[in-house]
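A short write-up of the structure that comes next.
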Amino acid sequence: MKHRANGIDLFRIFAATMVVAIHTFPFQSIAPFLDEVITLTVFRVAVPFFFMITGYFLLGRLSLNFSYNNNQRVKKYLYKIGMIYLYSILLYFPLSLLNGTISLKMNILLLLKVFIFDGTFYHLWYFPASIIGTILVTLLLRSIGFKLTVAFSTCLYLVGLGGDSWYGITNQVPLLNKLYTFIFSWSDYTRSGVFFTPVFLCLGIFAYRVSKKLTASKILNLLFYVFIIGMTFESIFLHRFTNVKHDSMYLLLPSCALILFLMLLNWQPKLKVKESADLTLLVYILHPLVIVIVHSISKYIPILKNSLLNFLLVVVCSFILAQLLLNLKRKLRVSKQKIPFERASKEISASAIHHNINEIRKIIPKNTNIMGVVKANAYGCGMVEVAYELEKIGISFFCVATIEEAIALRKSGNQGDILILGYTHPNRINDIKKYNLIQSIVSEEHGKVLNLKKIPIRCHLQVDTGMHRLGVTPNVTIIQQMYLFSNLKIEGIYSHLGSSDSLEQESIARTNTQIFLFNNILSDLEQMGISYGYTHIQSSYGILNYPELSFDFVRIGILCYGFLSDYNSPTKIPIDLQPIVKVKASLITERIVEAGEYVGYGLGAKVEKRTRIGVVSIGYADGIPRALSNAKLTLEFKGQSIKQIGNICMDMMLVDLSEVEDISLNDELIVLPNISKIADEEQTITNELLSRLGSRLGTELN
């Protein structure tokens with residue numbers, strides 16, 4: 001899919017230049033009429049264009065899904081614009097005092113009027129207008145939906161239009177005259193966040209909604225010319241025959257702005273401007289300051305009083321100043337490159353994740369989707385990093401064990417569905433709703449209590465088909481009752497296979513019984529006319545040993561991370577896996593220990609000869625089993641094996657460097673080079689060994 005922002009980004013430069021023109025009147029010395037028809041008419045599309053950008057990139061997604069992340073994006077935007085407005089107020093405070101926009105003698109109501117509607121300097125109205133408009137449209141979208149929001153915003157624009165370019169006409173109507181007298185007691189202009197901004201935010205939202213269907217069209221070009229010519233004649237008529245209060249709003253301006261924006265979405269210029277959003281924002285903020293400076297200089301250099309030359313100089317200087325500030329920002333900014341973890345870390349391979357998912361997709365039916373199981377910090381590998389990589393390759397459904405994990409994943413920016421597999425106390429129901437999570441109903445009582453909270457939440461129904469851990473009784477009457485609860489939006493039903501990891505006859509019999517029972521429940525629900533939603537019963541071993549099953553989802557955990565749980569248990573379907581994680585730690589010091597000396601805690605390790613000992617910055621608090629102490633663990637460095645000696649400490653371990661070449665302090669060693677082998681030797685499964693990896697380990701995604 002082509003990138004829709006290229007044309008938008010480049011036009012930001014033109015739009016910023018138009019704004020400068022509006023404030024400098026470039027044709028005044030040559031042909032003032034051109035300022036009327038070009039600067040104060042055609043160039044008026046510039047500010048609506050910027051508001052439409054906000055509607056498109058910020059509110060478009062929100063209009064379709066009021067998710068936690070989309071709401072957070074709006075809150076962050078409002079905070080950002082608020083801070084920019086505050087800094088801009090401080091920057092222009094001396095000039096605001098000089099031109100009388102603000103005064104220390106003003107009363108509170110007048111100051112509020114200036115700060116909330118007019119702006120403390122003539123161009124700063126944009127920021128409070130953006131804040132007010134965004135808040136207003138967000139509230140309207142949430143309460144009345146997109147179509148009515150567009151209708152309401154259009155009505156507001158028409159009211160504003162009557163107090164702007166059409167004021168000379170509306171002012172003749174007594175009732176309207178009283179209305180605008182009241183409005184102007186609160187704001188100098190109707191060009192504000194109440195009357196002006198909302199309609200253009202809505203047009204940006206509309207453009208977002210139709211962008212995927214949008215194709216290049218000559219009709220768009222024709223419509224733009226028709227509307228821009230029509231708006232020009234509208235402007236000429238109003239300026240010639242009426243008393244225009246202001247000329248920011250025209251009847252045909254929304255149509256011109258919308259058609260222009262749709263054309264720009266189709267425009268894919270080869271020229272790309274880096275950081276165009278930041279660059280044009282700085283130009284917008286700084287250009288009045290440049291205007292003041294150029295005006296002051298023009299007193300001594302008369303040629304600069306030529307309006308066109310004045311305009312060009314202001315434009316060039318504004319862009320140069322903005323670019324210099326961006327360059328300074330880059331130098332002052334802390335490097336985005338990750339600081340190497342000096343102690344210990346996990347290196348996660350994105351390519352290995354992609355490989356494993358591709359191998360899994362070869363096994364499962366084409367109509368079956370993958371749920372990424374990222375509970376227990378993605379089996380110790382890093383929940384946020386793994387989920388981020390899975391999202392990139394099309395996985396949009398995730399499973400966690402607890403609500404705390406679910407909230408952390410959502411706060412990381414994850415946009416997918418998040419299913420909580422475990423029990424969540426009903427008192428946390430507000431959090432389930434707030435973060436748009438999907439809660440498993442793990443028992444009849446759990447479902448009843450959640451429903452009594454009278455807060456609608458998304459759910460999956462977990463059925464106990466024979467594992468006897470969590471799940472409602474496999475009684476179709478009880479299950480039917482759950483589906484009828486008014487506050488539980490049950491979107492799926494699932495179970496968990498207790499013995500799918502084994503091909504022994506008793507395990508196969510148990511698994512087949514569970515599958516049979518689950519299918520019968522689905523069949524009975526279907527006969528009852530209940531739409532039971534998504535279905536899933538297989539986890540990693542369920543797809544390897546029962547590949548013939550076909551449900552809506554499979555829950556993939558250990559296979560995603562490149563391991564089998566137990567390499568001694570054969571599977572019906574082989575799979576080529578690549579481990580995604582390497583555990584690394586630094587060599588932080590070394591010393592020579594004489595023969596006969598003990599090393600580490602206790603008397604378990606006594607060197608028989610003069611030995612070079614190193615200290616590696618990782619221990620059992622980081623998930624390295626203490627049971628591996630004293631030569632049971634082998635580390636690696638550049639293909640060389642390094643034996644661990646002595647008892648593994650909480651934060652460190654000792655290694656024998658006697659036979660190791662070319663190793664220096666702060667070099668990184670691979671601590672668990674063969675996780676599956678270690679799990680086998682410790683008589684456990686790789687799931688346990690991985691999930692032990694501690695939170696102190698940093699995570700590097702490569």
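Placed from the backbone N, Cα and C atoms, the Cβ positions cover glycine too.
Noted in Swiss-Prot for the protein shown:
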- LYS375: active site, proton acceptor (ACT_SITE)
- TYR601: active site, proton acceptor (ACT_SITE)
- ARG469, MET650: substrate binding site (BINDING)
- 337-702: region 'Racemase' (REGION)
- 1-12: topological domain 'Cytoplasmic' (TOPO_DOM)
- 34-39: topological domain 'Extracellular' (TOPO_DOM)
- 61-77: topological domain 'Cytoplasmic' (TOPO_DOM)
- 99-120: topological domain 'Extracellular' (TOPO_DOM)
- 164-191: topological domain 'Extracellular' (TOPO_DOM)
- 213-218: topological domain 'Cytoplasmic' (TOPO_DOM)
- 240-248: topological domain 'Extracellular' (TOPO_DOM)
- 270-276: topological domain 'Cytoplasmic' (TOPO_DOM)
- 298-307: topological domain 'Extracellular' (TOPO_DOM)
- 329-702: topological domain 'Cytoplasmic' (TOPO_DOM)
- 13-33: transmembrane segment (TRANSMEM)
- 40-60: transmembrane segment (TRANSMEM)
- 78-98: transmembrane segment (TRANSMEM)
- 121-141: transmembrane segment (TRANSMEM)
- 143-163: transmembrane segment (TRANSMEM)
- 192-212: transmembrane segment (TRANSMEM)
- 219-239: transmembrane segment (TRANSMEM)
- 249-269: transmembrane segment (TRANSMEM)
- 277-297: transmembrane segment (TRANSMEM)
- 308-328: transmembrane segment (TRANSMEM)
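Here the features listed in Swiss-Prot are placed on the structure.
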{"residue": "LYS375", "record": "active site, proton acceptor", "DSSP (3 states)": "helix"}
{"residue": "ARG469", "record": "substrate binding site", "DSSP (3 states)": "coil"}
{"residue": "TYR601", "record": "active site, proton acceptor", "DSSP (3 states)": "coil"}
{"residue": "MET650", "record": "substrate binding site", "DSSP (3 states)": "coil"}
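Calculated from their C-alpha atoms, the gap between LYS375 (active site, proton acceptor) and MET650 (substrate binding site) amounts to 25 Å. Only sequence-distant pairs (6 or more apart) were considered; of these, at least three Cβ pairs between the transmembrane segment (121-141) and the transmembrane segment (277-297) are under 8 A, so the stretches are in contact. Listed as Cβ neighbours of the transmembrane segment (249-269) (distance under 8 Å, sequence separation of 6 or more from its ends, same chain) are residues 2-4, 6-8, 10-11, 41, 44-45, 48-49, 52, 56, 154, 157, 160-161, 164-166, 190-191, 195-196, 199-200, 203-204, 206-207, 210-211, 214-217, 220-221, 223-224, 227-228, 230-231, 234-235, 238. Counted with DSSP, the topological domain 'Extracellular' (164-191) comes out as 15 helix, 0 strand, 13 coil.
For the pair MET650 (substrate binding site) and TYR601 (active site, proton acceptor), the Cα-Cα distance reads 11 Å. Contact check: the transmembrane segment (308-328) against the transmembrane segment (143-163) gives fewer than three Cβ pairs closer than 8 Å, residues 6 or more apart, which falls short of the contact criterion. It is ARG469, among the recorded positions LYS375, ARG469, whose Cβ has the fewest other Cβ atoms within 10 Å in the structure shown. With a threshold of 8 Å between CB atoms, the same-chain residues lying at least 6 positions outside the topological domain 'Cytoplasmic' (270-276) that come near it are 6, 9-10, 12-13, 326. Rounded to a whole number, the distance between the Cα atoms of ARG469 (substrate binding site) and TYR601 (active site, proton acceptor) is 41 Å. Summarised as a single figure, the pLDDT of the topological domain 'Cytoplasmic' (1-12) averages 77. DSSP places the residues of the topological domain 'Cytoplasmic' (61-77) in helix, strand and coil in these numbers: 14 helix, 0 strand, 3 coil.
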